[in-house]
Ligand SMILES: O=P(O)(O)OC[C@H]1O[C@](O)(COP(=O)(O)O)[C@@H](O)[C@@H]1O
């Protein structure tokens, strides 16, 4: 993929973030999501790709735009898979909390896992530990291996985990082992990425979160030289059938990087909506300007670029998401 695409993609996540940021703390997660989705969908038309959404807002029948299988881009560039979460952290924005982002990954056509919207157990780490750990090991063994290969002691190791009741046992084991824990409210794409960023103090990301978010994080980890392992957690036969329908014949086997991101040509972009692990959120400045913080990464070069943009708002069309809501409501 042309490296100039990176800038085109970050323009798309910037508009998604600017649109949903108007909904921070207003208690309406659907409006925040619709705003980001409308903005990202409209902005994609100008991007030079022949893209197909593989991770998006849902199945065609449930999502008016950015549905799985939808074609995006101006159809003039390379054929690519598109994984997009217009607003990763809908509840976060609704409640004005931390860690919401607009996120997109683009990779060679046919290379990204078509993950159903169910939970996935995840283990993510940076380059130092990539290839050294296994999701199938007990937590204690993973921690010992992490210490061995990072040179840190248990009390110096930091593990990030989503703060959820279902993680009670995991958090208990981590506390028993004596590692440092960072509990995350929401946004496990950012959490998993934090384990692989060179300037982060997080060594490991553990626990379950959304499977689509797992693929998005895996794309970023590919760019960072880190690793993500995942195991889908289908809850009952219906979710199992959904996995099989989406091409995953053994839904409970461990998925490795090559299963989730089967190419070395990947672009990942994210723009902060609210401030989080590594990006600041949108800040409105006066009546005409707004500031965004984004990261853009390419697997081929392993470059990590942080982009701070000051936007001139009167020159931009920023969807508020209301039109799409009215359309959906009248269906
Ligand atoms: O809140 P749950 O059910 O534990 O799900 C975890 C998932 O929710 C999130 O925190 C936010 O997801 P949404 O954007 O769908 O609100 C994800 O990052 C994470 O994968």
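The backbone N, Cα and C atoms fix where each Cβ goes, glycine too.
According to TrEMBL, 85, 88 bind Mn(2+) 2; the candidate from 213, 227, 239 that the record adds to this site is 213. Selection of the binding-site residues 33, 57, 88, 213 by a Cβ distance under 6 Å from ligand 1 yields, in sequence order, 88, 213. Rounded to a whole number, the distance between the Cα atoms of residue 57 (Mn(2+) 1 binding site) and residue 213 (Mn(2+) 2 binding site) is 12 Å. Counting neighbouring Cβ atoms within 10 Å of each of the binding-site residues (57, 85), the lowest count belongs to 57.
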